[in-house]
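Annotated features in TrEMBL:
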| type | residues | note |
| --- | --- | --- |
| TRANSMEM | 130-151 | transmembrane segment |
| DOMAIN | 203-325 | domain 'Heparan-alpha-glucosaminide N-acetyltransferase catalytic' |
| TRANSMEM | 209-225 | transmembrane segment |
| TRANSMEM | 245-266 | transmembrane segment |
| TRANSMEM | 278-297 | transmembrane segment |
| TRANSMEM | 317-335 | transmembrane segment |
| TRANSMEM | 356-375 | transmembrane segment |
| TRANSMEM | 436-459 | transmembrane segment |
| TRANSMEM | 466-484 | transmembrane segment |
| TRANSMEM | 504-523 | transmembrane segment |
| TRANSMEM | 535-552 | transmembrane segment |
| TRANSMEM | 572-590 | transmembrane segment |
Amino acid sequence: MDQALLLVHNALPAEGLRLSAASAACHQCSYQVLAFIPASNGSLRKPSTVTVAVDTQHPLTLLLDGFSEDRELCKIHYHFGESGNYSLEVKTLSRSTQTVSCDLIINEDPINSYLRCGHVLCGEGGAMNAILFAFLVYMGILAIVIVGRLLMKIDPVRNWVCKKLNPRETDRLINSELGSPNRADSLSSDPSQHLWSAISRQRLRSLDTFRGLSLIIMVFVNYGGGKYWFFKHESWNGLTVADLVFPWFVFIMGTSVSLSLSSMLRWGSSKKKVLGKILWRSFLLILLGIIVVNPNYCLGPLSWDNLRIPGVLQRLGFAYLVVAALELLFTGAGAESVTEMPCPALQDILPYWPQWIFILTLEVIWLCLTFLLPVPGCPRGYLGPGGIGDFGKYPNCTGGAAGYIDRLLLGEKHIYQHPSSSVLYQTKMPYDPEGILGTINTIFMAFLGLQAGKIILLYKDQHKQIMSRFFIWSIVMGIISAALTKCSKDEGIIPVNKNLWSISYVTTMSCFAFILLLLIYYLVDVKRLWSGAPFFYPGMNSILVYIGHEVFENYFPFKWKMQDSQSHAEHLTQNLTATTLWVIISYVLYRRRIFWKI
């Protein structure tokens, strides 16, 4: 998978060759030796041949030089195709001038991993687009659902179905996990529990839909994403689909915090009681992450010697604790009401200036630690991946200050051992993408989500105002991102980097999040053109779906033995099936009114 076969034929009679390669996706990487090709047998006039496997995910630059005289003979930039068979013929054109030619020949055409669905889906020699095939299947299911909804509008059909199924309209439990958006408190002692029906009609389905969309994409990429490179995390700087979803989940968590805390205070809950609930929820999230999600119990019992301490739920729990406590400290019941201000354009910011001072102070701390903290053996302010990056000058500096802080405070055995940079950049140091320093910017991401919640509260039912504020915030975040990155992947002041959770990564993801929330809010809650299904259902049981997909990842029916483990199509089929099963499970739980709250 993701490889091609390259036969290197050396017809030079008196000179051996060294074949090296560098990936176009590897920024400032030194060439890596792939093979040594001995000189040809002059008496037999037969070129020497060496077989090499080359990567097909990104374009490669091949460098051929003579290892005896150490001279560059030729350089070829080429994007090899998966499972292709190629020959690189090296020969002398003129003995007098010693001119060398390097000819790349296609012996066997590569397959198109995006245009081939394999034997399982299409039979022998099938050539249908695997991703397109999956898309058409889901579109077919959607079409059936739409037709079913249209039929349900016909009175005789609807009456017959209601008699047969006797469906009950259900809604989520009030104030579900992670401070989900509700207009009432979830505490059983609160009076809002007796107003279930009235409150459920006021719900914003768009927030659950946003959360569910982020969660389902997260489940899909965690299960493998068909083993396509664009469904994997970026090796270092830049973005793939997999890098979008976690910050979006953090963002919508912040939005939910604003709405749920406002509701609790409005219904008379004391700040002390709410703070206790925040502390307990944060503790449970962190504990579940360390004890349930991080260990792989299929490999043996829990071992404290090499237990990973950071993680997704741990970071969610800590970000939730800080943002919810910050909101509780500086916000009271009815604080979201609109008041006359000297600058109406900033009325969702200026009343909360202490919160902004706190968040900006955190950002100053992140900047100071990132760019000023001395890291042994590394340049100050280093943001690179180490390994063979930066031409191999700093092989043990992966993540700079962020990696150093984690190794110093947590220990190398208690952080992630296989970072995404280990393959392309060949890094050897452990590095945790959910480490300590990046948590600061995760808090900032949740705070921007909190800002979206304030907008919803401040401009309640004023849809144009809400959407215009979302759009303005998206533009502002986009401008900041453009300034920090210089609109480039690697050349900016602070590149977009998910491993570091750089500030430009947060501003870029929040730019996308505000726009996405605007679109979903418009379609689901304003125009009601879309119910939010199917993402609405996992969005209402997000913690259960996330923990469940991690715990049962290696169990049937979420995983099974494949006929061809080197087939993208089979991986895609398995991963989509597993993801769909979690959507179905969340729908069944929704219908049975089962919600797991923390």
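Glycine is treated like the rest: Cβ placed from N, Cα and C.
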Two-stretch contact, the transmembrane segment (504-523) and the transmembrane segment (535-552), at least three Cβ pairs under 8 Å: no
For the transmembrane segment (356-375), which recorded stretch in the set 130-151, 278-297, 436-459, 535-552 gives the largest number of Cβ pairs separated by under 8 Å? 436-459
Looking only at the domain 'Heparan-alpha-glucosaminide N-acetyltransferase catalytic' (203-325), mean pLDDT returns 92
